[in-house]
Amino acid sequence: MLKIDSLSKSYDKGKNYALQDVSFELKSGDVCAIVGESGSGKTTLVRLIAGLERPDEGSISLSGKVLSSVDQFTQPEKRKIGLVFQEYALFPHLTVLENILYGIAKQKDKKERAQEMLDLVGLSEMGGRYPHQLSGGQQQRVALARALAPNPSLLILDEPFSNLDTMLRTQLRSQVFEIIEKTGVTVLFVTHDTQDALSVADEILILQNGKVVQKDAASNLYVKPNNLYVASLFGNTVRINKDLQNAFHCPLNEECCHAIRNEKIKVNPDELTTDCDYITTAEVIKKIALGDAVQLVLKLETGEKLTVTTRDKNIADTINIGFNSKDILEFNE
Amino acid sequence: MKQAGNKNTVFSLKSRLKRFKRDNNRWSALTLAIVVFLALPILFIGVELFAGPGETWSHIVEYLLPDYIWNSFFLIVFCSLLVLVFGVSSAWLVSRFDFPMRKALEWLLILPLAIPSYIVGYAYAGIFDYGGSLALLMEAVNLDFVRIDIMNRAGLAFVLSISLFPYVYVSARAFFLNQANNLLEASNMLGVGERKTFFKLMLPLARPAIVAGLVLVLMEVLNDYGAAKYYGVNTFTTGIFRSWFSLEEPETAVYLSALLIVIIFSLILIEKWQVRKVKFSSAKTNNQQIQRKVPKKSQKWLIFAVVFIPVLLGFVLPILQLIYWAFLTASKVFNMDFLWVSLQSFGISIVSALITVFFALLLIYFSKWSALRLIKNVARVGVLGYAIPGAVIAIGIMIPTLALDKWLIKVLGNMGIETGLIINGTLIALFYAYAVRFLAVAYNPIESTALKVDNSIPDSSKVLGVGNLKTFFKIEFPLIKTGIFSAVILVFIDVMKELPLTLILKPYHIDTLAVRAYEYASDEMVMEAAIPSLFIIFTAMIPVIFLNKLLIKK
């Protein structure tokens, strides 16, 4: 339904690219998350799709119609894309109801539609209030209702939860996606938080320095990341370099790269005997209490330092550690 | 794999042209059209240069030009010195110390801006004249009156400085109040004394702010016509008037205008250059205001005196003189004709303020809606009129409109329609000139309020299916109303005070208060100039106070 083809954008005539050669597709009804650190090009991608920026190369099409390319451009107001901004961007001088009516002023049944939207987001009684009289979470839901009212074919959420604290965030995330599920709209959801992405998205697209490094189902990304960056987004991961190979006596093919998640490195003696192919001894140089677990900073024979977390309470000064060969991640780069 | 994002192909001429075609919308063309429209008077000065100088040009170069240059140089140097002394010292003292009536003085120091320089000039001429206020006062206390002749270059420099120093005061104070606190505390912690802190630390840091204020002062100095004329000092502006009205040689006026433009742009370049050299100024605004020191009792009154002197000279004395004259002449000046002139003055000011603000809005929003980055920079050119003296803009409009009118009369005459001048000598030319000259006055407050509205607000509107124009009326206009309102007020005052441009371009039968005051003064009836002057001043004072409130908030 949405087709992005080798999209590039530079703000300084090609010295640096905010987005470079990005291609992907979304099917109707998909919920796709775009994950990346700040500066990875997420916001630029969103603004390009919404028509708030113009690409230097490549094209964007929606339902078979080209919206942006090198020689074509559809104005944002003609795109029928819903966008919820990070800061909500509610019109401060209009009431909640007026905000929602804004995008459907020409529809015949606009009053009914607006009320329907208010009901959908659970703010039936709030139509007469002004944005500044609402809490952050309520403002967010108004922004969502406003974006959904014109019945967009694509809904983009740009970092919708980053202004909220952790408690509210989890609660609101499930609320928002319950609402979205009811409408069945195709969703592009931008976030820097992998938890957000994993909990709601069917598919995740990872951006790094303006390039797509991986697009895959959420479960696959954890098991088969394309590079160390992707792997690290889902928890600390170490590259199994020459020193580590020597320490664990595990000769690996030098042509490609290998890594292991810190959480896959075992400390428990039982697990070491039953579940590990590669084992070595390490000196515990620091213990950090983390409530019900302990974080250990280890020093290997080869001098390498490693951090592992364990629930075992009795840790000697020198211990054995190991991992299973099936947990080794393999990359092409 | 295709090498996408390759600089050579993506930014090749061919793909650039393609994107230019895609991004070139009507807003770009409209922005460009407005900029050209606003720059036309200056472009015409440039074009007219090729027509060659007039007959008297060689005479002027030989006998008058050295005088113009020397006088302008003298005024630039002495006004700079005086304005810096008055402006920086008062700004520092009110920011750093607490002393009697400090708060009142803080805004009283801005009030001289409400009095046009030429009116300050008239007042001082009256104070120092034979039989003037000073003479009467000395007589009353039995002292011999020694007349100080101020009707000369030095007197003019004094008058201009005392009425224009608030530009420096305002920008220096803004710096001292908002950006200096941390550094000041650091310097005090290091045990550096008050005087050394000021000269070694504060003054160099405040230099860009001070120079920015100074450049505004010098533009006004070079723009002045009324005071220079009254004090009999030959400057470029009086030269332009002389060649236009007495010698009836537009070519010569054009050449003088071009020279004046060169001088002004050199001043602006010097400012830009010195600001670039000062890269160390921290851009970050410090929210914490300076902690004021409470000086010793003896020092308190000394500081009060130093800060009060510029207020006394720039505001209190001229106003007292004008009020005295107003009582003497009230029965003669205050009549129906005067009310009619006041009404015209208000009408012209309000209409031109609305027109100017309208153009500023067009320029700001059209360039914003243009998708070409180049256009956004071009828009700034439209604001340059503020640097160009009113007399020069007037000449730049007079010449082409005369030519256009001649052509129109001929064309319409051929069609059998008899008309007089259509643009030249009508209000149309006058409104156009005010828009060119005061566009920046409207542009800046609107732009700064517009910048406070986050881009995501209008962007949301567009994504919701509403186009640029409707977004402006429904969303942006309600949010920037206050900026637009202050822009209207500010242009209104500037038009009320404006003299040289109005004198050249005003229709024959129309008068403004400024013109009326000038005419009285030129006709040896300077006392009668007091009432129209006071009207201008009181109209201008209300918003100056209002403007000060805005500045304090910032």
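Using the three backbone atoms N, Cα and C, a Cβ is placed for every residue, glycine included.
According to TrEMBL, the domain 'ABC transmembrane type-1' annotation covers B:69-271, B:342-546. Residues or ranges marked as transmembrane segment by TrEMBL: B:27-52, B:72-95, B:107-128, B:154-176, B:197-219, B:252-270, B:301-326, B:346-366, B:378-401, B:421-443, B:479-496, B:529-552.
When Cβ-Cβ distances under 8 Å to the transmembrane segment (B:107-128) are tallied for each of B:154-176, B:252-270, B:378-401, B:421-443, B:479-496, the top count falls to B:154-176. When the stretches B:27-52, B:378-401, B:479-496 are ranked by Cβ pairs under 8 Å to the transmembrane segment (B:197-219), first place goes to B:378-401. With a cut-off of 8 Å on Cβ pairs spaced 6 or more residues apart, the transmembrane segment (B:479-496) and the transmembrane segment (B:378-401) reach fewer than 3 such pairs and are scored as not touching. Long-range Cβ contacts of the transmembrane segment (B:346-366) within its own chain (Cβ-Cβ under 8 Å, at least 6 residues beyond either end) map to 27, 30-31, 34-35, 38, 379, 382-383, 427, 430-431, 434-435, 438-439, 441-443, 446-447, 450, 468, 472, 476, 484, 487-489, 491-493, 495-496, 510, 512. Within the same chain, residues 38, 41, 348, 351-353, 355-357, 359-360, 363-364, 382-386, 388, 390, 393-394, 397-398, 401-402, 404-405, 408-409, 487-488, 490-491, 494-495, 498, 501-502, 505-508, 510 sit at least 6 positions outside the transmembrane segment (B:421-443) and bring their C-beta atoms closer than 8 Å to a C-beta of that stretch.
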